[in-house]
Amino acid sequence: MKKLVSTAFASFALLCLSTAALAAQPIKIGALFAVTGPASFLGEPERNTAQMVVDEINKAGGVKGRKLELITYDTGGDATKAVQLANKLVKNDQVVAIIGPSTTGDSMAIIPVVEKAQIPLISCAAGSKITEPVKKWVFKTAQNDGLAVAKIYEQLKKEKKTRVAILTVSDGFGSSGREQLKAQAAHYGIQILSDDTYGPKDTDMTAQLAKIRGSQAQALICWGTNPGPAVIARNAKQLGLSIPVYMSHGVSSKKFIELAGDAAEGIRLPSGKVLVADLLPKNDKQRASLLAFIKDYQNHFKAEGDHFGGHAWDAVMLLKGAIERGGDTPAGIRNALEATRNFPGIGGVFSYSAKDHAGLTKDAFTLVEVRKKDWVLVK
Amino acid sequence: MELLNQVTQFVISGLATGSIYALIGLSFAIIFNSTGIINFAQGEFVMLGGVLTIFSLNVLHLPLLAAILVAVAVTTVIGLVFERLAIRPLKNATPLMLIIITIGASILIRGLVMLLWGKDTQALPAFSGTDPISVAGATLLPQHLWIFGVTVLVIIGCRLFFNHTISGKAMRACSFNRRAANLVGISVGRMVLFSFVISAAVGALAGVIIAPLTMTAYDVGVMLGLKGFCAAIMGGMGSGLGTVLGGLILGTLESLGAGLISSGYKDAIAFFILLLILFIRPQGLFKKGETERV
């Protein structure tokens, strides 16, 4: 009896071993996200989403019969750490591609690493300098800040408002927005009357707003991420600022409405379509992807999927498509990525080319307004 | 006329922000006055006040007043435990060592709060509505009145406590000369504990009343703590009017600087003035120079 059991065991073990050897090696993908630190509002949903999408791909049989293995590290939003971890992914883990990092600073820092190792990178950060000028191995999924600026200016031009005041946060996100706002103003015939900033941790912006109230501006454009814009919304209400207020896509989540409360009413902002997926017309190309993403995220994390998570969704799905078409070598993936056309994702409809590694147009954004604590589309 | 209106608004906004700094400055001064150390975990007490109120309100579903009391009480207990575990056991530690310990404690508290309640910013509903009140062409919120009111009450309370009660006087005695205070029968250890308890309570109270205005998150304590510290330095680390004026001046300068000169240099202007004061009047703006009695 004893012998029988041990033989059974041995044969079972042998069987396991042989099936393991038969199944193909998983394809290793690296991921760097700022899960902790100041940019954790980006990194956390991105990490969650990336893992969720990879698990789902694997559940459905993987890519061409091979499983994906996602190796995720936390950069903490620290560029030095990002470089170390990128090196680790390249040298120790031998990944075929990297998605992330979450911030522009981290992304810029690791570009030399991926270029040297010749591994494709799909960044989830928004800074336009990541893909301008085009770098052979670097792509990105987050919409350029410039596209959001264009969307706002387009609306202002339509309403024949030509004088604006801008109020931007004094960090990377704010200064990138400020640059774009100033650079594109002339193109849309817009004049910036006052150009103010505030600190990311400031708790009162009435001084800046009182100054803007005293100017001839016809609209206020504010560029920042929570909680600053919520403070500005409240301060603007306190001061009785009567001009329309535009925010950036940095606050396009329900959190902003929650923080600003009644003061959010009437504020407009450019947002990825994920916020208003259910309001989109039936023939919108992104609609199917958006609804699938939102439903999945809700099932897994009991929270609303936001467009930050969407950047990671896009990165993984673009990569999946590239591996299907180009094979599992870094060079094959890169070439297939560059050849991606009309891929409907969360951030927009991606069409990469040799001259464009950002892949989106300003239609990736849609202008929304806060009404009764919810979003409505601005016509 | 427009300029005048603007300046009034700058000053009123500045005073409102300044009284927040003043309140936090006071809680710095209370510990400094009885122990000679600067408690850099002070900003964390402020943060705990806000975060715990929101927690009691949203998760435990307590009414606002009860939530505030719970938050202040819990923060006070944390202050007490902090003193017992981290400050008391060190015999003969130099003030520098103790200051470094408070920095460590602040990082620990911030980390724990982040793990327990996450990184999201939260808002507390305003105590009495958000309809702006106009004063001389400028506007302020009802919450600002709460801040002014509580600051005044805390100042009066501190003054009465430190000048007219035995415990308060004993605490002041400890700050002047520990050994002498010990010799006349004051339990120095207990006074130090007292000072942490009071200062944690004041800090938490400050955190609660500003949370509806500035919102709160695990990391708000850092900047608020720094600004409160500036206020205390400007007031010469006294637990009275000096610190309050220091806070109000700092707030007003920030606001005027942002409005009239450049919003980008707002903090730079404030800190530049702090440096000037440290160079020219290191004993604080309103304090007479101390003479060392040998």
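In case you wondered, yes, glycine gets a Cβ from its N, Cα and C as well.
Outside the transmembrane segment (B:12-32), and at least 6 residues removed from its termini, the chain residues within Cβ reach (under 8 Å) are 38-39, 42-43, 45-46, 135, 138-140, 144, 147-148, 150-151, 154-155, 158, 175, 195-196, 198-200, 202-203, 205-206, 209-210, 214, 224-225, 227-232, 235, 237-239, 243-256. Residues or ranges marked as transmembrane segment by TrEMBL: B:12-32 (among others).
Feature annotation from TrEMBL assigns transmembrane segment to B:39-57 (among others).
As annotated by TrEMBL, transmembrane segment applies to B:63-82 (among others).
According to TrEMBL, the transmembrane segment annotation covers B:94-117 (among others).
Residues 15-16, 19-20, 22-23, 26, 30, 33, 127-128, 133, 168-169, 171-172, 198, 202, 205-206, 209-210, 213, 239-241, 244 of the same chain lie 6 or more positions beyond the ends of the transmembrane segment (B:144-162) yet place their CB under 8 Å from a CB of it. Here TrEMBL flags B:144-162 (among others) as transmembrane segment.
Look at TrEMBL and you will find B:183-211 (among others) tagged as transmembrane segment.
Here the transmembrane segment (B:231-256) has Cβ contacts under 8 Å with residues 7, 10-11, 13-26, 28-30, 32-33, 151, 155, 158-159, 162, 266-267, 269-270, 273-274, 277-278, 283-287 of the same chain, all six or more residues outside its ends. For B:231-256 (among others), the entry in TrEMBL reads transmembrane segment.
Sequence-distant contacts of the transmembrane segment (B:268-286) (same chain, at least 6 residues past either end, Cβ-Cβ under 8 Å): 227, 230, 233-238, 241-242, 245-246, 249-250, 253-254, 257, 261. Sequence annotations record features per position, and here TrEMBL assigns transmembrane segment to B:268-286 (among others).
Sequence-distant contacts of the transmembrane segment (B:94-117) (same chain, six or more residues past either end, CB-CB distance under 8 Å): 35-44, 47-48, 51, 55, 78, 82, 86-87, 218-219, 221-222, 225.
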